[in-house]
Amino acid sequence: MIHDPAQLEKERPDRLRVLWLSTLAFTLMFAAWLMFGVLGVPIRKEFGLSDVQLSWISALAILNGSLWRLLAGILADRYGGRLVFTLMLFFTAIPAYLVSRAGSYEELLLYAFLVGFAGNSFSVGIAWNSAWFPKDQQGFALGVFGAGNVGASVTKFIGPALIASVPASGYLGGLIPGGWRFIPFLYAVLLVLMGFVLWFGTPRKDKRPGQGRPFLDMLKPLRYVRVWRFSLYYVVVFGAYVALSAWLPKYYVDVFGLPLHEAALLTALFIFPASLLRPVGGYLSDRFGARRIMYWTFGIILLASGVLMMPEGHIVLYTKQGAKEVMQFTMGVELFTLLVFLIGVGMGIGKAAVYKHIPTYFPQDVGAVGGLVGMLGALGGFFLPPLFAYAQAWTGLPQMTFFVLFLLAAISFLWMHLTVLKLLQQEAQHLKNDFELKGDRPC
């Protein structure tokens with residue numbers, strides 16, 4: 001990594017081009033990755049699918065968007081993010097187009113799985129931007145790039161209008177498909193165009209921190225426990241984000257009886273802070289330190305989910321005089337939305353804080369470490385919805401969705417805090433067994 005101020009200033013325009021174009025590309029990839037959440041309704045109607053069959057389409061896309069993040073990050077470090085990201089854009093365009101031509105449920109499953117490859121672009125962008133930005137700017141840069149998560153809402157906003165406006169027969173004699181099939185076709189075209197823009201719009205001389213290093217050598221950092229601890233943090237702030245983005249519309253409909261379009265809009269009040277506040281989290285991590293921001297993150301999530309997991313009923317209070325007071329507890333949609341918004345705020349700043357740790361501890365291995373952390377975090381988005389469903393089925397309480405989140409956040413917080421205490425003891429050995437105040441020193 002370059003530390004010469006003159007060289008850093010000279011490369012500033014190149015850094016910014018990498019940042020903004022990679023962010024735009026990632027937003028598009030994220031939109032294509034999660035497009036089946038909105039397309040599910042017309043797909044189910046056309047193919048006569050059950051809820052379980054439909055759920056597998058999105059699940060396979062999410063799964064494949066997780067599996068290759070480690071490898072993608074390593075390849076970006078070794079061959080440069082410009083090449084790897086461009087190839088991923090072109091590759092993802094192929095199954096996106098094939099989705100628009102799918103004629104059976106089995107074909108949809110296969111093509112959705114392949115489209116899911118788009119989710120792995122996150123690791124490429126993280127490694128790429130880390131290679132270009134100096135340490136004191138990495139938190140903000142990675143936060144800006146990660147804000148491409150807002151692509152999760154793109155199809156929610158443009159999808160229904162486009163599906164309704166494009167004729168079912170399409171255009172040019174069906175060459176451009178109509179109805180729901182127009183959306184994956186449009187994404188396929190945009191992905192190809194974005195591939196050319198990224199290739200010709202970013203510096204030809206790329207940064208390759210892993211060039212020439214043996215592949216196994218790039219995997220060595222994965223033996224450190226802190227890598228797996230960071231992964232658990234990311235399950236909380238990203239895996240749960242992906243899971244709740246898919247789960248909340250159903251929750252609003254089932255628990256509060258809202259129509260689907262209102263449920264989708266209220267879900268966006270969770271998605272936007274969880275995505276767009278990522279640059280803020282990066283800036284705060286640069287200024288105050290990533291660990292302190294993680295304390296804030298877990299505090300917000302624990303507080304909000306702790307209230308949300310409370311079932312409706314009565315709270316019984318006893319005074320000192322023995323009097324009994326009974327208070328009815330109900331969760332209105334306004335309070336629920338506010339608390340979910342707060343969880344989104346915590347996740348938004350927390351995602352950037354997790355990734356701020358990585359170039360600090362592993363400056364030469366951001367691709368491998370960031371890839372593993374991203375992979376396990378995204379796998380959380382695959383496994384958490386079934387956990388939500390089982391918790392609700394076992395208890396009969398929809399609020400148990402947030403008990404799962406509370407438990408996961410509590411475990412992560414406890415692990416982090418015990419690690420911090422251990423670090424403090426190592427830095428101040430003399431206080432380990434002698435921590436009482438001496439004389440008149442103030443506390």
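Glycine is no exception: its Cβ is also placed from the backbone N, Cα and C atoms.
Going by Swiss-Prot, these are the annotated features:
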- 23-43: transmembrane segment (TRANSMEM)
- 56-76: transmembrane segment (TRANSMEM)
- 79-99: transmembrane segment (TRANSMEM)
- 108-128: transmembrane segment (TRANSMEM)
- 142-164: transmembrane segment (TRANSMEM)
- 182-202: transmembrane segment (TRANSMEM)
- 230-250: transmembrane segment (TRANSMEM)
- 255-275: transmembrane segment (TRANSMEM)
- 298-318: transmembrane segment (TRANSMEM)
- 329-349: transmembrane segment (TRANSMEM)
- 368-388: transmembrane segment (TRANSMEM)
- 401-421: transmembrane segment (TRANSMEM)
Requested in this report: Compare 23-43, 182-202, 255-275, 329-349, 401-421 by their Cβ pairs under 8 Å to the transmembrane segment (56-76) and return the stretch that comes out on top.
Outcome: 23-43
Report summary line: Same-chain residues at least 6 beyond the ends of the transmembrane segment (230-250) with CB under 8 Å of its CB atoms are 34, 37, 58, 62, 149, 152, 260, 263-264, 266-267, 270-271, 274, 294, 297-298, 301, 340, 343-344, 346-347, 350-351, 354, 357-358, 369, 372-374, 376-381, 383-385, 388, 401, 405, 408-409, 411-412, 415-416
Query raised in the report: So, do the transmembrane segment (368-388) and the transmembrane segment (108-128) meet, by the test of 3 or more Cβ pairs under 8 Å (sequence gap 6 or more)?
Result: yes
Report task. Tally Cβ pairs under 8 Å between the transmembrane segment (142-164) and each listed stretch (23-43, 108-128, 182-202, 255-275, 329-349), then give the stretch with the top tally. Result -> 23-43
Query raised in the report: Excluding the flanking five residues on each side, which residues at least 6 beyond the ends of the transmembrane segment (329-349) place their CB within less than 8 Å of a CB in that stretch?
Result: 236-238, 240-241, 244, 248, 252, 256, 258, 266, 269-278, 280-281, 284, 293, 296-301, 303-305, 307-308, 310, 312-315, 399, 405
